[in-house]
Amino acid sequence: MSILLGVNIDHIATLRQARGTDYPDPVHAAAVAEMAGADGITIHLREDRRHIVDRDVELLAQTIKTRMNLEMAVTDEMLAIAERIKPAYVCLVPEKREELTTEGGLDVVGQMDKIEDACTRLKAAGIKVSLFIDADPAQIEAAAQVGAPYIEIHTGAYADAESDVAQQAELKRIAKGAKQAAALGIVVNAGHGLHYHNVGPIAAIPEFYELNIGHSIIARAAIEGLAPAVQTMKQLMLAARR
Ligand SMILES: CC(=O)[C@@H](O)[C@H](O)COP(=O)(O)O
Ligand SMILES: NCC(=O)COP(=O)(O)O
């Protein structure tokens, strides 16, 4: 079965925010990424608006031709924005202001009622809900209990592993989590820290429906352009499934 690529364009906006200019425009980047083969566009509207801002969400909702995956914290502000914008997908992620990037997965076990309420609100708005969680059996079980139709397994520990042994252990943990989630009837995605030299073993895990990849694609785009950066990543993912 094929595997889909969600291109996260947050760091196109990082470059724009660095100088307060109106370029590069995430709207342009989304169009280029989609024409190059992206199956979806992921954007993270952080509470501090450090990169993607509300204007980007509004315009991308009108211009994206594939589908929007809106990542957001579990707050009333963000839920209200999602209910108004109605992206195809919302991925609920943890956020800490001081973090450089997303650190751990969402703690579903410790806030079941809050996450279930958020899932209910988003489903009522016709939005498919995904939970960004670690490959932790209890968190996966909790995701099923709160009625999340999708999860996205956090691959950060795999990407940041400091030895082959540690990376292999993380890969095994992720593969086991994907199997557990699929057996519970959850559609399983993965993402965070994936790049051109570590994506293969993750893409080869048959339970994965989609990988959401951003930083490495945008970094490569700075050197060789966004279209080839997206095409190369997609080719690597599909090759891993052959
Ligand atoms: C949840 C996740 O891992 C990313 O999609 C997230 O967007 C990372 O945050 P930054 O894009 O701000 O690095
Ligand atoms: N949810 C992961 C994502 O959208 C992209 O994460 P990264 O590739 O920028 O680390």
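Each residue, glycine too, has its Cβ placed from N, Cα and C.
All TrEMBL annotations are machine predictions without curation.
Record check, TrEMBL: 3-amino-2-oxopropyl phosphate site residues include N8, R19, G214, H215, and the candidate from G37, G193, G200, G225 also listed there is G193. Going by what TrEMBL states, the 1-deoxy-D-xylulose 5-phosphate site holds D10, H11, R46, H51, and the candidate of T63, T66, T101 recorded there is T101. Among the recorded positions listed here, namely D10, H51, T101, H192, H51 has its C-alpha nearest to that of R19 (3-amino-2-oxopropyl phosphate binding site). Not one of the recorded positions listed as R19, E152, G193 brings a Cβ under 6 Å of any atom of ligand 1. Contacts of H215 (3-amino-2-oxopropyl phosphate binding site) defined by a Cβ separation under 8 A and a same-chain sequence distance of 6+ are given as N8, D10, H11, T101, G193, H195, in order along the sequence. Taken residue by residue with DSSP, T101 (1-deoxy-D-xylulose 5-phosphate binding site) is part of neither helix nor strand, so it is coil. With respect to Cβ neighbours within 10 Å, the recorded positions H11, R19, R46, H51, H192 differ, and R19 shows the lowest count. When the Cα atoms are compared, H192 (active site, proton donor) and E152 (site 'Transition state stabilizer') turn out to be 9 Å apart.
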